[in-house]
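> Sharing a structure, written as structure tokens. Questions coming.
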């Protein structure tokens, strides 16, 4: 009798929409709750680990860019920093499902929490995707129009472009609040998101046509032509070296293009990893919206695989860019020096010595 009353009470509360975010959550991988502790252990570990890595990695990128003036010589640093801030906010936003899985209440209805969280993550990842497309256009202009590049790409235009990216990303997912459908599966850790908020084939097609497809086409077009031009330049240089052994003039004339090529390769790696991690998510998004496939495990894995890209960007950049590695090393040395100075001051209490700029390269 008591069990039936409890079931009726839960059904009534579910239909009235007053369930708290911490009261109900699902285990998408299908293992259910555990008897010892009422949490989804595996899902919690994955999300907590990703949250920590994303926040720590992107904070490092932001500090290195702040302390390494040489990185600001590249106009793409505007977009890289924008991506770092967007990815940092992704990590901070991931604290919401983490707290839900650990039974910490936010005091907000589950449906509203789910919608807001899904919208914010979708907007932030849209910003990253649009920034990658703009970076590819920037490198394309730098290599194809080196003489007029400085007139075409100015700091003012870059700032305007970044503002437009944020506005566009906010607008494109706004219809999700007006019954158009679910913008993604980022909130499916909440049961209301997984069961009551459905995707729509029309809204999914709307997002693909206005965001995913244009960004992918721009990236493919620009990098195809970048590598085509680089291959032509390399062939010309090899021909000149074969004809004229003393090729100092040709080498010096080509030196101006080498940094652009190397930097284009770094950015191409970032873009490639981004789409490799996001492609399974986009494919599942299309299949599930068309009611061809419905699998909570695939939804969870593809979604958080895509979100893990927020950490991969900083790893690729730190491994591929020598200037960034130098900035990271200088930042580490500065932090170690500061720690040593504090210890020496506590031991000897000397007069503080003012430094011009402790973190500049």
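Cβ atoms here come from the backbone N, Cα and C positions, even for glycine.
Annotations per Swiss-Prot:
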type: DISULFID; residues: 114-193; note: disulfide bond
type: CARBOHYD; residues: 2; note: N-linked glycosylation site
type: CARBOHYD; residues: 13; note: N-linked glycosylation site
type: CARBOHYD; residues: 20; note: N-linked glycosylation site
type: TOPO_DOM; residues: 1-44; note: topological domain 'Extracellular'
type: TOPO_DOM; residues: 66-87; note: topological domain 'Cytoplasmic'
type: TOPO_DOM; residues: 109-115; note: topological domain 'Extracellular'
type: TOPO_DOM; residues: 137-159; note: topological domain 'Cytoplasmic'
type: TOPO_DOM; residues: 181-200; note: topological domain 'Extracellular'
type: TOPO_DOM; residues: 222-265; note: topological domain 'Cytoplasmic'
type: TOPO_DOM; residues: 287-296; note: topological domain 'Extracellular'
type: TOPO_DOM; residues: 318-361; note: topological domain 'Cytoplasmic'
type: TRANSMEM; residues: 45-65; note: transmembrane segment
type: TRANSMEM; residues: 88-108; note: transmembrane segment
type: TRANSMEM; residues: 116-136; note: transmembrane segment
type: TRANSMEM; residues: 160-180; note: transmembrane segment
type: TRANSMEM; residues: 201-221; note: transmembrane segment
type: TRANSMEM; residues: 266-286; note: transmembrane segment
type: TRANSMEM; residues: 297-317; note: transmembrane segment
> With pairs fewer than 6 apart in sequence excluded, do the transmembrane segment (45-65) and the transmembrane segment (297-317) have three or more C-beta pairs that lie under 8 Å?
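Yes, these stretches are in contact.
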> With Cβ-Cβ distances below 8 Å as the criterion, list the same-chain residues six or more beyond the ends of the transmembrane segment (45-65) that contact it, or say none.
71-72, 77, 80-81, 84-85, 87-88, 90-92, 94-95, 97-98, 101, 189, 304, 307-308, 310-311, 313-315, 317-318, 324, 327-328, 331
> What does DSSP give as the helix, strand and coil breakdown of the topological domain 'Cytoplasmic' (137-159)?
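For the topological domain 'Cytoplasmic' (137-159), the helix, strand and coil counts are 17 helix, 0 strand, 6 coil.
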> Determine, from DSSP, whether residue 193 (disulfide bond) sits in helix, strand or coil.
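DSSP call for residue 193 (disulfide bond): helix.
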> Residue counts in helix (H, G, I), strand (E, B) and coil for the topological domain 'Extracellular' (109-115), per DSSP?
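Split by secondary structure, the topological domain 'Extracellular' (109-115) comes out as 6 helix, 1 strand, 0 coil.
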> Work out, from DSSP, the number of helix, strand and coil residues along the topological domain 'Extracellular' (287-296).
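Secondary-structure breakdown of the topological domain 'Extracellular' (287-296): 4 helix, 0 strand, 6 coil.
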> Within 10 Å of the Cβ of residue 193 (disulfide bond), how many other Cβ atoms can you find? Include all protein chains, please.
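Around the Cβ of residue 193 (disulfide bond), 25 other Cβ atoms lie within 10 Å.
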> So if I draw a 10 Å sphere around the Cβ of residue 114 (disulfide bond), how many other Cβ atoms end up inside it?
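Looking across every protein chain shown, the total is 27.
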